[in-house]
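Taken straight from TrEMBL:
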type: TRANSMEM; residues: 21-43; note: transmembrane segment
type: DOMAIN; residues: 23-428; note: domain 'Amino acid permease/ SLC12A'
type: TRANSMEM; residues: 49-68; note: transmembrane segment
type: TRANSMEM; residues: 88-111; note: transmembrane segment
type: TRANSMEM; residues: 123-145; note: transmembrane segment
type: TRANSMEM; residues: 157-180; note: transmembrane segment
type: TRANSMEM; residues: 200-222; note: transmembrane segment
type: TRANSMEM; residues: 246-267; note: transmembrane segment
type: TRANSMEM; residues: 279-301; note: transmembrane segment
type: TRANSMEM; residues: 341-358; note: transmembrane segment
type: TRANSMEM; residues: 364-384; note: transmembrane segment
type: TRANSMEM; residues: 405-424; note: transmembrane segment
type: TRANSMEM; residues: 430-450; note: transmembrane segment
């Protein structure tokens, strides 16, 4: 019986993504609305200890990204989050990782563009949220259809605007804390704000665990750099540089910004639902602070969805080429863009917008729960794939790369413990138990789908 023709996930792509683009995308893709708005709730919950929570989560994310970097150095592929679990853990692991990440990112993008519609109402409150969200999807779809280079250039500037805002906050904060002469004046600024109101753990040490999910998911998107391998110029060198730059950028953009926020004002002055950035800039008398930060957050939402469209299209094409998805999704446009996979992803994102705006609240909560547990599943499979790769090297089945994850397997065990702690914490809340239940139902559904494909003789080695 003749074997079906197979194709590699990176086959047919053009290498239009430069080192400059991918290095910015590596961290820019993870700077979403959570950092600009979500940290208000985190500060109220954990107080200054949120800085420690973000440091622990950031270290775990570095381990995950560096583990992925070692796998990419072993074999660069645009379907990385699907291909490596398949190669080192087995076909079902790849099937689970690929489809879980695709659905997770589609749901997350739907949430981001819906939020973008809400942010736009700051200026035009009469514009329907659904109309704005769909307009964003169409515009970003056009950008992604143009070419990988156009996408990369657009995302570079999106990420640059987010990074510039955070750098402005850090410079502003250092200026106020020293203090230096000039227009910047924040009377409440003091490093002592980190401990003088109830200590560093004002709500107890256990809140470090309860705040961990918020901090961890604020970094979501760092792993998307792994899906650029098929279109990166000199992929091994480019991806090494991108992954190596992540720790410094996490320290500056996340920990630096959060430390400044906590030093400029007492932690009790930040409120859930209010951007800490707006609060700080407004207190200092920066004109139009709310409007400026709202524009940046709007850009952050657009940037996150832009990256989501790119990554879901490449991942879905990789799945299709393995005959574990509809084969017609594997086609490329004349511009070497997976246009059909992109269109399918955009349609699911649009359906997600509809579910968010019109469907019963329980349906949307279930989707968000799936996205939450989906990230844990995919990150966990990256760590497991790395362990599988190391076993293959030890057995002589794979060559050792020169770009190794430091302190493995202890470092991978640490990151796995952090992910496990999030699942453990979820079991103590009603919403968290829903997350776990939805995750279990999803894994069962994927297992049944995989079994059906196997019986039909689908899939390739």
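Keep in mind that glycine also has a Cβ here, set from the backbone N, Cα and C atoms.
When each of the listed stretches 246-267, 341-358, 364-384, 405-424 is scored by C-beta pairs under 8 angstroms to the transmembrane segment (430-450), 364-384 comes out highest. Panel annotation: around the transmembrane segment (123-145), residues 110, 113-114, 116-117, 151, 154, 291, 301-302, 305-306, 309-310, 313, 333, 335, 337, 339, 342-343, 346, 349-350, 353-354, 357-358 of the same chain, lying at least six beyond its termini, place a Cβ under 8 Å from a Cβ of the stretch. For the domain 'Amino acid permease/ SLC12A' (23-428), the model's average pLDDT works out to 87. Of the recorded ranges 49-68, 88-111, 200-222, 364-384, 405-424, the transmembrane segment (341-358) has the largest number of C-beta contacts under 8 angstroms with 88-111.
Same-chain residues lying 6 or more positions outside the transmembrane segment (200-222) and placing a CB less than 8 Å from one of its CB atoms are 26-27, 29-32, 34-35, 38-39, 41-42, 45-50, 52-54, 56-58, 60-61, 64-65, 108, 194, 246, 250, 254, 267, 304, 307, 372, 375, 418-419, 421-422, 424-426.
Beyond its flanks by at least six residues, the transmembrane segment (49-68) meets 26, 30, 39, 42-43, 80, 84, 194, 200-203, 205, 207-208, 211-212, 214-216, 218-219, 222-223, 225-226, 243, 246-247, 250-251, 254-255, 258-259, 262, 379, 382-383, 385-386, 405-406, 408, 411-412, 414-415, 418-419 of its own chain at Cβ-Cβ distances under 8 Å. Taking Cβ pairs closer than 8 Å, the transmembrane segment (88-111) reaches residues 79, 81-82, 133, 220, 304-305, 308-309, 311-312, 315-316, 318-319, 322, 324, 345, 348-353, 355-356, 367-368, 370-371, 374-375, 377-378, 381, 384-385, 388-389, 391-392, 442-443, 446-447, 449-450, 453, 459 in its own chain, all 6 or more past its ends. Long-range contacts of the transmembrane segment (246-267) within the same chain: residues 26-27, 31, 35, 39, 43-44, 47-48, 50-51, 54-55, 58, 61-62, 65-66, 163, 166-167, 169-170, 172-174, 176-177, 186, 188-191, 193-194, 197, 202, 218-219, 222, 276-277, 279-280, 283, each at least 6 residues beyond the stretch ends and with a Cβ under 8 Å from a Cβ of the stretch.
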